[in-house]
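Engineer: Annotation source Swiss-Prot lists CTP binding site at 32, 35, 116, 159, 162, 165, 168. Annotation comment: Swiss-Prot describes 32, 35, 116, 159, 162, 165, 168 as ATP binding site. According to Swiss-Prot, the Mg(2+) binding site annotation covers 45, 47, on the basis of sequence analysis.
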């Protein structure tokens, strides 16, 4: 197969391949960029594989950086752009089910491609557009099939994360996992415990944000992979309930983790514990803790000014997107109008602050000041008093007399 017109992203890198070839070596675009070119999907970055050893690449190009030279990776700097090239290699001795104990540089493209995960990712592309397909990856692309290169058990023992990549690709590409490959995942699922949770999280997030999350989730459940993920060990019923939902339009991590929080029926404290097991960022945890109650309020049509104020515009949007998945959402425009009606959108918009309380009302810094500002804020949000400095100071006088 020959691609007549390569996507524009390849053009600046073509002279790099040509220069390597002129020096007597082979060089190809490889991996996901080739797959996505054939599928007419967006290409995010390009990978180059070559028969030239790192020392030979450094001899060909004047400007290089050793980004992973022990694994054969050298970055070529060309006209201000960096291109990572990796020498053809074989790998052996995967004691941690993730990284090889030994890497051997080779001159054979075939040896390099046969260590890759799936046939659709084991394609190579010449700079002139000729596709090299040694493992029937083109046929599997046509069949929309995710199939391990060679023996699935060997591929998953080399890198157990490949099992999560398989179910993620099922969602991302809306493909089906090959029978033998699926069987291999079921048999090797316990190996997922050997993988760092951060890496598993990335794959799960991509799965739930993919083109067909239901397809990926179905395989995630059927293979038993979920049993080796933090907090999901006994979640088959909760996860399976997601398979009947068809309005999947999740946009970001906050939304997808909120869905899982809802499915697992987690309270605020449990949400924090669950997400910490997945080693998510603290700001994501805070966002999910806002989104989940807002989804429940949307479902019950109980969105109050206080809840909208505390949730904030971004989390409200996220909550309504999650609610759409369940068929609970309210009209986006209606939600936006309700939010915009709030007299203030954050505490900084209050007409007085701590300094005014000190100078005009004689309130000293401390817990009382915080309590007063909170009461004033909620009173303004709920339309009980106007956001006016004079009115607010009168209210302060009332509060201090009561207190």
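Cβ coordinates come from backbone N, Cα and C, glycine included.
Are these features on the surface or tucked inside, and what touches them?
Structural biologist: Counting every protein chain shown, the number of other Cβ atoms lying within 10 Å of the Cβ of residue 162 (CTP binding site) is 25.
For residue 168 (CTP binding site), the same-chain residues that are 6 or more apart in sequence and have a Cβ closer than 8 Å to its Cβ are 203, 204, 206, 207, 210, 216. Under the three-state DSSP scheme, residue 168 (CTP binding site) falls in the helix class.
Residue 47 (Mg(2+) binding site) carries a strand DSSP state (E or B). Contacts of residue 47 (Mg(2+) binding site) defined by a Cβ separation under 8 A and a same-chain sequence distance of 6+ are given as 29, 30, 31, 32, 33, 84, 86, in order along the sequence.
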Engineer: Looking only at 32, 35, 116, 159, 162, 165, 168, the residues listed as binding ATP, what is the longest Cα to Cα distance in Å?
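Structural biologist: Result: 21 Å between the two most distant Cα atoms.
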Engineer: If one measures from the C-alpha of residue 165 (CTP binding site) to the C-alpha of residue 45 (Mg(2+) binding site), what distance in angstrom results, rounded to a whole number?
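Structural biologist: Distance (Cα to Cα, whole Å): 18 Å.
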Engineer: Between the binding-site residues 35, 165, where is the Cβ count within 10 Å the lowest?
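Structural biologist: Among the binding-site residues 35, 165, the sparsest Cβ neighbourhood within 10 Å belongs to 165.
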